[in-house]
Amino acid sequence: MNLSEIIDGLNSEQSQSVTLNDTQSALILAGAGSGKTRVLTHRIAYLVTQKNLHIDAILAVTFTNKAANEMRERLNVLLRRPIRSMWVGTFHGLAHRLLRTHPTEANLSPQFQILDQQDQYRIVKRLMKENQMDESKFPVRKVQWFINQQKDEGIRPNDIEAGHNFFVKKSLEIFKLYEAHCHANDLIDFAELLVRSYELLKNNPVLLTHYQTRFAHILVDEFQDTNTVQYKWIKLLFNGDNKVFCVGDDDQSIYGWRGAKIENITKLTQDFAPLQTIRLEQNYRSTGNILNASNALITHNSNRMGKSLWTDAGEGDLIDLYEARTEIDEADFVVSAIQKHLDNGVSASECAILYRSNAQSRGFEERLIKYNIPYIIYGGLRFFERAEIKDALGYLRLMETTADSVAFERVVNFPTRGIGAATVEKIRAFARENQTNLFQAAISIAPTLPTRAANALIGFTQLIEKMQDDTQHLNLSEKVAHLITASGLIAHYSSDKTDKAGSKTANLEELIAAAEQYHHEEDSDMSETLGFLSLASLDSSGDANSPPAQNVQLMTIHSAKGLEFPYVFLTGMEEDLFPSRQSKDEPHLMDEERRLCYVGMTRAMKKLSLSFAIKRFLHGQSIYAYPSRFLSEIPSKHLNQIKQKYGATPQNYQADDSFNQETTQITPSANGQLSIGKTVKHTKFGFGTILNFEGDGDSARVQVKFKTAGTKWLISAYAKLEFV
């Protein structure tokens, strides 16, 4: 492969990034739709073919399994040879590979198992129950979040000083018990993968030097989404002689709520110096109007690194902006617009409805059903998260190692075999007292139980042992096929009257196919079964299922990150909804909300529609809302302002944060004391002058120009204006 093939089709900034001298580190500020994946893969191809770098000397880190798989596929094509030995994957996947390669140094056994979020929740819940912690005061999810938050920062229980914070004190107690439980049962959760692999390298200088020397080039995608321990992980591997190539976009940092630190991308220039910054600003996805509106919006954020997207694809359609009376009116507008697209030959899968909160989906779903338009909620359960799949994998885990107590608890009485909660609690107590696993405890305790419980327990342990014997010479897919029958799972789900479509049995059969398609690395230190189980656990921590064809896509804006659609409807553009109420008094949170809006807008390829409702029923109550401040930050020249169905005229949103409306004036008598020019006082906005008013009843609104807060439209019934 020659150089011209590598840079063919790249623009000047992409080409500069790809062919950067191999003695330099770089930050590639890659805007939305600017071809960053292509830059990453072509950079690797350049290093391998033009700089004669062995693929084993490259570490490529992505944030999703989908991105990792796409990178592998592209590299296979570019390099015209397999790249199986190359270290490419997610942070969690690569951390797992490190721990599997060096389990002893990491204080693990070679058979350690990975806990998913659901299993972690169950363990935390049980530990809280055993220690009489009141869930009404200490929600399990909140305690689980506390544990993971500490790990994301690289913090261990002994590093935490609870002080006088009672919640931290009690959560810390559970954290310590949880750590002890995981250690005793050879379990690793997702956050532990990262912190344990970081500690592995930090505490083993010889091992660290080995990997620093091996990985001459470290490439990281979506760098703006790294958390503290991920940043420390990369920084630890960097020794100054090797080079980093980080691709990211500070304008798309939207995961602060789960630990991502936007400041990581700005710290690069100090921690990885000398470092060259290259901006990818040419967009290959969206039209000019969409990009110019998005650029204008994001300029309102502080501390940006600076970037302005452009395209040579033309201005395209204006952005539709619709003011709805209610969320029902909004849903009618959106679904009617989608129906028109479908009538014009557009595929349903080309249309996406985005919203800030999952609670907003109901109205759209009802209208889509009414119009008989197929749709899917994107971001639902992944394949390996489905209950029937986890049941089957529970049996497979227990067959692989009977010491797996999490798997034992999942399948010991499923399908039902007469082993009740009281029996399981006795098994747990025996295991704790004798420092053994639940399977061995079950064998030991069975003779002491009443006949019925004893027979049930003996039957279960003998079933597992027989399944181990019967499958020891079978390959992986044959083993899975055997266990779903021998365990009784197929019989159970086949008789499940709630599964009329047979989807659960079909999923179990699909698991056999997944096992058959699984490619096990020949040089791996893991058994084929353990490798497959690890893949299943890691997959459940990554991407949601890919959007199926021929369905309108409904999803949160967070779920839409990394996706693109020809027709996008960005809905619920109201204060306290988007931006969220929690961000109002926190400038850094408001900046993240604005970045989220920017991400939502830049998902659109051909047509973007924005909408908001004056009145919305949400979370069990009716709420009157102001239009989102983000709408006022979009220049009106990019907007096609659509009239309301009930007769109002177009809106005009200006950059001074005002919301001005040209309306037919209503006589003063229609609103009692209201009259244009009168001075009023509002509890929040202070003194102002009435400019206009419209409507009547609950929908009556008054426009007031306040001395300090600018011009606002207020709902008359709720404004509580005082006349001065």
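Backbone N, Cα and C atoms are what each Cβ position is placed from, and that goes for glycine too.
Database features (TrEMBL):
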- 9-287: domain 'UvrD-like helicase ATP-binding' (DOMAIN)
- Ala30, Gly31, Ala32, Gly33, Ser34, Gly35, Lys36, Thr37: ATP binding site (BINDING)
- 288-562: domain 'UvrD-like helicase C-terminal' (DOMAIN)
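Feature map: annotations from TrEMBL on the structure.
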residue : record           : contacts (Cβ under 8 Å, 6+ apart)
Ala30   : ATP binding site : Lys36, Val39, Val247, Gly248, Asp249, Leu280
Gly31   : ATP binding site : Asp249, Asp251, Arg279, Leu280, Glu281, Asn283, Lys307, Leu309
Ala32   : ATP binding site : Asp249, Asp251, Gln252, Asn283, Arg285, Ser286, Ser294, Leu309, Tyr598, Val599, Thr602
Gly33   : ATP binding site : Asn283, Tyr284, Arg285, Ser286, Leu309, Glu564, Thr602
Ser34   : ATP binding site : Leu280, Glu281, Gln282, Asn283, Tyr284, Leu309
Gly35   : ATP binding site : Leu10, Asn11, Gln14, Leu280, Tyr284
Thr37   : ATP binding site : Ala67, Glu70, Met71, Arg74, Asp221
**Prompt:** For Lys36 (ATP binding site), what is the secondary structure by DSSP, using just helix, strand and coil?
**Reply:** helix
**Count of other CB atoms lying within 10 Å of the CB belonging to Lys36 (ATP binding site)** = 22
**Request:** Using the centroid of the Cβ atoms of Ala30, Gly31, Ala32, Gly33, Ser34, Gly35, Lys36, Thr37 as reference, list every other same-chain residue with Cβ within 8 Å of it (recorded ATP site), in sequence order.
**Result:** Val39, Asp249, Leu280, Asn283, Tyr284
